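*Asks:* Questions regarding the structure given below will be posed in turn.
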Amino acid sequence: MSALLDRLRTDLSALAGQGLRRVRRSNALPCAPRALVDGREMLAFCSNDYLGLAAEPALATALAQASSRWGAGSGASHLVSGHYAVHDALEHRLAAFVGAERALYFSTGYMANAGIVPALVGRGDAVFADRLNHASLVDGVLLSRADMHRYPHGDLAVLARQLAGSSAARKLIVTDAVFSMDGDVAPLADLLELAERHDAWLMVDDAHGFGVLGPQGRGALADAGLQHWRLIYVGTLGKAAGVSGAFAAGHGELVEWLLQKARTYIFTTGAPPALAEALLLSLDLIEAADDRRTHLAGLIERFGAELTLSRWQRLPSRTPIQPIRIGGNEEALAVARALWDEGLWVPAIRPPTVPAGSARLRVSLTAAHTEADVLRLARTLNRLEHAAHG
């Protein structure tokens with residue numbers, strides 16, 4: 001047998017031995033708090049479907065009707081023949097929704113981030129990145145071959161020193177808006193002030209804020225009251241929006257440059273036009289979802305108030321991402337298994353997704369959960385911690 005396969009087997013065994021080997025679970029029901037896994041009914045706190053739109057009947061109907069009208073696929077890349085009138089309509093609607101001059105629709109959030117950064121910076125340029133940024137931003141920086149300066153999470157003093165010490169012709173600050181494993185919100189106004197002071201772009205990945213934060217769910221920049229030509233806003237359309245894809249929004253010339261230079265936009269088949277049509281309805285639903293956002297905010301508050309943890313730590317978060325830091329990989333996995341045995345599906349997040357020694361449960365609350373759901377989870381966590389640590 002090949003030494004290549006032997007090496008793979010050894011590496012896979014090592015992952016398992018460190019508690020780092022990932023396992024997929026197959027859900028036999030549509031995306032909702034109630035799941036069916038291996039024939040067992042579970043109450044799930046896993047998805048990023050923050051407004052409960054993924055299985056919204058009106059949205060499913062719109063997608064089915066759009067598929068009948070547009071067919072199943074686009075047939076080509078956007079810059080050949082895979083760009084349709086409904087893609088234009090979606091981009092205009094997205095730009096207006098977030099208050100930008102123009103928007104560009106990408107197939108996924110990962111592709112947006114991996115394409116935008118290399119389109120803006122390259123060798124000899126400098127990128128300044130929060131250490132807890134999403135992997136797609138990290139990969140975008142690596143692909144760009146620009147010099148990467150990572151600053152400790154939220155440490156603006158270090159960032160300011162890094163910016164002041166850089167002689168790069170082009171500078172780019174990149175940050176999550178809502179950090180995906182911590183749930184906290186970046187200090188966007190302060191970051192923009194630093195970007196202005198040092199003549200840098202500021203790229204904000206609002207994967208977990210779009211649809212949830214700000215007036216009518218218009219996102220983290222709207223929540224902070226920020227608009228500026230140097231802002232590059234990235235929103236995800238497969239989380240709160242309930243469908244699929246992502247978009248970049250900003251100054252018109254910036255977006256035109258991305259259209260010309262973002263390789264993950266140029267060299268891939270365009271997203272099906274039916275998805276774009278469904279997303280037009282999704283934006284209407286987001287805009288009208290104040291009741292859902294109010295309900296979700298209430299669940300977040302109720303969950304925090306009900307927890308009485310002393311050893312495990314709930315990280316402070318006003319967003320639907322409610323992390324419970326456990327510590328070691330094996331203990332986090334054991335807690336997730338204990339919850340699973342009680343019919344509660346909560347993922348254990350381990351390195352390299354989070355720093356070593358900070359393995360955690362990533363609780364995701366959605367507007368489709370009930371107060372009873374949230375209380376059940378909180379009380380079970382309280383009981384499990386007491387049983388484990390007294």
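Even glycines carry a Cβ here, placed using N, Cα and C.
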*Asks:* Select one of Ser81, Ser180: the residue that Swiss-Prot places in the pyridoxal 5'-phosphate site alongside Gly109, Tyr110, His208, Thr236.
*Replies:* Ser180
*Asks:* For the substrate site that Swiss-Prot lists with Arg22, Thr353, give the additional residue from the candidates His92, His134, His228, His251.
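*Replies:* When Swiss-Prot describes the substrate site, the candidate it includes is His134.
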*Asks:* Using a 10 Å cut-off on CB atoms, tell me which of the binding-site residues Ser180, Thr236, Thr353 is the least crowded.
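*Replies:* Output over binding-site residues Ser180, Thr236, Thr353: least Cβ neighbours within 10 Å is Thr353.
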*Asks:* Compute the C-alpha separation of Ser180 (pyridoxal 5'-phosphate binding site) from His134 (substrate binding site), stating it in Å without decimals.
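*Replies:* Approximately 7 Å lies between the Cα of Ser180 (pyridoxal 5'-phosphate binding site) and that of His134 (substrate binding site).
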*Asks:* Which chain-mates of Arg22 (substrate binding site) that are at least 6 residues away have a CB under 8 A from its CB, listed by sequence?
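*Replies:* Correct list: empty, so none.
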*Asks:* Taking only the Cα atoms, work out how far Thr236 (pyridoxal 5'-phosphate binding site) lies from Thr353 (substrate binding site), in Å, as a whole number.
*Replies:* 19
*Asks:* With the cut-off set at 10 Å between Cβ atoms, which of these recorded positions ends up with the most neighbours? Options: His134, Lys239.
*Replies:* Lys239
